[in-house]
Amino acid sequence: MAKFMTPVIQDNPSGWGPCAVPEQFRDMPYQPFSKGDRLGKVADWTGATYQDKRYTNKYSSQFGGGSQYAYFHEEDESSFQLVDTARTQKTAYQRNRMRFAQRNLRRDKDRRNMLQFNLQILPKSAKQKERERIRLQKKFQKQFGVRQKWDQKSQKPRDSSVEVRSDWEVKEEMDFPQLMKMRYLEVSEPQDIECCGALEYYDKAFDRITTRSEKPLRSIKRIFHTVTTTDDPVIRKLAKTQGNVFATDAILATLMSCTRSVYSWDIVVQRVGSKLFFDKRDNSDFDLLTVSETANEPPQDEGNSFNSPRNLAMEATYINHNFSQQCLRMGKERYNFPNPNPFVEDDMDKNEIASVAYRYRRWKLGDDIDLIVRCEHDGVMTGANGEVSFINIKTLNEWDSRHCNGVDWRQKLDSQRGAVIATELKNNSYKLARWTCCALLAGSEYLKLGYVSRYHVKDSSRHVILGTQQFKPNEFASQINLSVENAWGILRCVIDICMKLEEGKYLILKDPNKQVIRVYSLPDGTFSSDEDEEEEEEEEEEEEEEET
């Protein structure tokens, strides 16, 4: 039979609701709330999310102002407590006081958080600059599609200009920071010993070329002689009677500006008795002009790509040869030196020979070094009063302005030529320093620079001339921060080291991946083809002397 159980009724005479709290709900904190409150985030670990004070209480409860569930991180857990959050009316002074106190606390908290993560605390102006930098960086990445760190090309190890064999012994090692401190002032005035060759006159119409009146670069078939020191008949003749150190201007310029070089290069040194001969190896890339060698990100394409370092060097050399002849008044009157070109045979057509003159000069470096150098001029120019000035003509070429932080020459060359030469100085510092050293050694009055660009960025066979610029070598050396005293100091240091070596053949090699040059001793038989030719020449000279 069903039975009715009488429930327990709790009487609350002073109010409504139960008089006692059930056991399962005892000691549970309670915060009044409203179902109309906006829901905030479940968890926010980023700290101060809202910089603007207007949005600080965006998601806070509007019904109950309590913070019973708030967590305060301290050293122990005694901070879990119920606090009285009843709001009291504050005076205007108190409100301002609390506002400033909260701002100071918030600033101190941000400073502690930044110090915890080793972040730099910036002043207000620096913060604005930092935000502007980040904004521009994001804009640049959006426009040009800069790769992220995980997709960036790593710097590949560069190859040496010549393979170092196991039987080569290191005799000396010089690092660039040490060489950059060298200074030498005891350099005498140069003395001209012999001048050979003929020069064509510069066509001043090329000074009026602009980006709007660009001129196509023509392919000019002329012979350029790149004869090394020991193969020069004039130097062989002079070595019998005078001088104890012999070299060409290109070899000396490589040594004098070596601290700017990045790629590997090598120079052969022969110690014969008390004489030194600085040579270049046959069939080497010594005479090729590097492109963007000193840029932050030099070209790294491989294989047959027309933007590979070697193909760019061949393209630059081709451009330099053609421009140095096209800007002259070819086939017309020439300026002739007393002696003919020593490398031209009698049956050769004079118009097929490039306009180059050779000036053999002598310097005294102290009391013990008698230096003889073969220097070159590329052309001659007449002034307003008819005076003759010798010039060196070189070419800067644009291959792709999107690489190596370049600037578009067609847009900037006429209006902002300073920005163009500054970018070239950054990307081709070593090449410009070599050209300047060659002009200083030769005593040229001017250094002519031509600006040549590809007709199309994807076509490395056609080029256009966009303009020219003229510098005095001494002023240009100061402009590119080339110290002549340091250049002579490096050369004197290298000569002194080689003079201390025993008789034989040595190799000066720039390390491909470090700022170091080393002097190797070469065993007998190294570069045997060169040695055989030299022995044959010595035998022929001895036979001629016996006959006379």
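The backbone N, Cα and C atoms fix where each Cβ goes, and this holds for glycine too.
According to Swiss-Prot, the feature region 'RNA gate' maps to residues 285-299, out of the candidate ranges 15-29, 105-119, 285-299, 390-404. Record note: of S154, S529, Swiss-Prot gives the feature phosphoserine to S529, with no matching annotation on the rest. Looking up S305, S528 in Swiss-Prot shows the phosphoserine annotation sitting on S528. If you compare S60, S161, S213 in Swiss-Prot, the phosphoserine annotation sits on S161. Non-local neighbourhood of S161 (phosphoserine): Y263, S264, W265, D266, S284, D285, L509, K510, P512, each in the same chain, at least six residues away, with C-beta under 8 Å from its C-beta.
Residue counts for the region 'RNA gate' (285-299) under DSSP, helix first, then strand, then coil, are 0 helix, 0 strand, 15 coil. In this structure, S161 (phosphoserine) belongs to neither helix nor strand by DSSP; it is coil.
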